[in-house]
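A.B. asks: According to TrEMBL, the feature transmembrane segment maps to A:36-55, A:76-109, A:115-135, A:147-165, A:191-210, A:241-262, A:268-287, A:294-312, A:318-337.
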Amino acid sequence: MTVTDTAPAPAPQRPGRSAGRSAYAWLRRTDTGSSTFSVLVTAVLLVVLFGAGTVRYENFGYPQVALNLLVDNAHLIVLAVGMTFVILTGGIDLSSGAVVALSTVVAASLLEKGWAAPLVIALVLAIGTLLGWAMGAAVHHLQLQPFIVTLAGMFLARGLCFVISEPSIPIRDDLFTGLAQNVVELPGNTYLTYAVVIALVVVAVAAFVLHRTRFGRTVYAIGGNEQSAGLMGLAVGRTKVAVYAISGFCSALGGLLFSLYILSGWSLHAIGMELDAIAAVVIGGTLLTGGSGLVLGSLLGVLVLGTIQSLISFDGGLSSWWTKITIGLLLLVFVVVQRVTTRRRR
Amino acid sequence: MPETPTTPRARRMVDLSSPVVWAAAALLALLLFNAVVNPGFFAVRIQDGHLFGSPVDVLKNAAPTLLIAVGMTLVIATRGIDLSVGAVLAISGAVSFTIIDGSSDPSSPATAAIAIGTALAVGLVLGVWNGFLVSVVGIQPIIATLVLMTAGRGLAMLVTDGQIITAESPAFTWLGRGYVLGLPAQVVLTLLVLLVVAALTRRTALGTLIEAVGTNPEAARLAGVRSRSITWTVYVFVAFTAAVAGLMTNANVSAADANRAGLFIELDAILAVVIGGTSLAGGRYSLTGTVLGALILQALTTTTLTMGVPDEYVRLFKAVVIIAVFLLQAPRIRAALGRRRRGARGVTSPDVPPTDAAADDVRPLTPAQAANSPTTAMPDAAPSPTDQGVLR
């Protein structure tokens, strides 16, 4: 509209008015539909939310409060990473919460029977991966909808939970309690749990796989347009199945981290956790139609959810259900903004 | 050939590739199984002029799910989905019970009328909201309704202040545990809604319009169908059914629990629709199938419980049966089944009607050909609710 549209980032001559102008110009030039931009928005939101908490509540600014966001949500981070893979291909995985519950129950019941912890961990991860692989195979080879397949997977996983054990089983294994109670000391009298370290490693590995491997590019290509990907000769079938297997693996790993967090196995653990994971992925800027998004965004999305939860618990006057309402509203804002920006891009 | 009249009903009797037939067979098998294993299952007795017995239980317990599933069928037919029905159900129950609980005269009909009216109005508003997001803003249905699914339970808790609200009102007692002509009131209400929907969509063009929107919204709009209004309306309607179901389920226990009421009912409703053979890809729907689907789900639960299967195994059993039904409906598996049947008849070309078709099959023309050439059969196939099995 004005000259500033094309001017290459003009130096602010008259501060105040032209700062707004140049910000506008920058917005005009920037591709607001790009995933980098979405992640940036999420990062700004996280900083704003956390800043608001620091201003409002006097103890909110402690470094450990920020680190606790990671400590309390390590399992959700892993879950969201798996979900990101699936959503990037345009699918969805409703089974992850149930697989978390199944993992805690299997781990707790086997440990109670005296199995060796490493064996239990391996078995749990294998079960999750196998379940995910089976769902992926059903999605691809039987041409069933991901929504329905993973819904069935969710019922199956919860059903298995109840068969294994209905009451909650405490975990008393040395390795598990050791991992749960020992922490990584950080400077400034702060700490992180080992679960957080594992979760961050998962994020790093996922980012590497998505951006630096052929498999990762195929994932994005399938989300962009499955038919084109197939016509280009990419391994669509293998990748789709693998994506669900990855999500299953992440759900099982998330389940193990969750069992470290609460040291028990119960068939009613993690009800609705898949929704939190999906919400985190969406807030992190990944398009639900697939093809666009970053794992880093999902990590930030989880942290945003965690910040909302801490804000509400710090307030004390707000009841817990405000968490759900706020997350719903946030989800709404992000979905609408996504819709508007992608429409503009076309 | 063409002069032999075949109604959709006649075709349904024999069309083995129709999912409705499979659903009916599954329900029949379940009932037969019950008849053999537990002869008392079908014993219906009349007490105080009301019917009692396992079949009545199945009907009554299936009623809220079926009611929502009817609304869900229409939503799915437009290629949509509504995940928020459980939350709407909880909000409807919370609103109505809070009003009764807070009124000075809880048992008066006026209070009940206000409570019911407000709950239904709130349900409609929530439906308008979902419909707005989907049809006007253009958000994917699964996400648009996920917003309300997440926030809705929080809203319901906000209404009840996190408490479980108990209240007694004659109108609600009737709604939850009352009888009409010997049948539970819930069953009668659900049947009423079902009949109205069936009449409105199958005796007018509305059903075809909904299917047109589901097949291709843009093409439907260009052909003069008001895609946006139709999409919006089905979301309002499903929220309405959820609100009514909320009144029913909460009245049944005379309490509103914002946390637990209608938990997972959206999944049950979607399952009922899918088991009934309505594809999530939209464009075709079968109300008969939905009824069968809802009954199968409930009969499965009742069967496992009356068989004395340990409680822990009920969920696993249900999951396995559901997976089996899905696998049977998978396009590839059904295509394989269809191929075998066609192969046996030796039909090779869609242009040459099978000579012996009339002999071994009541259908003379369309379905057999449709099965042979899905691409050409699509436009001229009758919009029968059960045909989609052949076409997909």
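Along the chain as shown, residues are numbered 1 onward.
Even glycines carry a Cβ here, placed using N, Cα and C.
Bear in mind that the values here come from a model prediction, so they are computed numbers and not experimental data.
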A.B. asks: Grab the same-chain neighbours of the transmembrane segment (A:318-337) for me: Cβ-Cβ under 8 Å, and only residues 6 or more beyond its ends, written as numbers and ranges.
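C.D. replies: Apart from its flanks, the transmembrane segment (A:318-337) reaches 41, 276, 279, 282-283, 285, 304-305, 308-309, 312.
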A.B. asks: Which listed stretch (A:76-109, A:115-135, A:147-165, A:191-210, A:241-262) has the most C-beta pairs under 8 A with the transmembrane segment (A:268-287)?
C.D. replies: A:76-109
A.B. asks: Would you say the transmembrane segment (A:191-210) and the transmembrane segment (A:241-262) are touching, if the rule is that at least three C-beta pairs must lie under 8 angstroms and be 6 or more residues apart?
C.D. replies: yes
A.B. asks: Is the transmembrane segment (A:294-312) packed against any residues at least 6 beyond its ends, judged by a Cβ distance under 8 Å, and which are they?
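C.D. replies: Beyond its ends, the transmembrane segment (A:294-312) has Cβ neighbours at 35-36, 38-39, 42-43, 45-46, 49-50, 52-53, 56-57, 60, 65, 68-70, 72-73, 76-77, 80-81, 83-84, 203, 206-207, 210, 276, 279-286, 318, 320, 322-323, 326-327, 330.
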A.B. asks: So which of A:36-55, A:76-109, A:191-210 has the most C-beta pairs under 8 Å when paired with the transmembrane segment (A:115-135)?
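C.D. replies: Answer is A:76-109, with the largest number of Cβ pairs below 8 Å.
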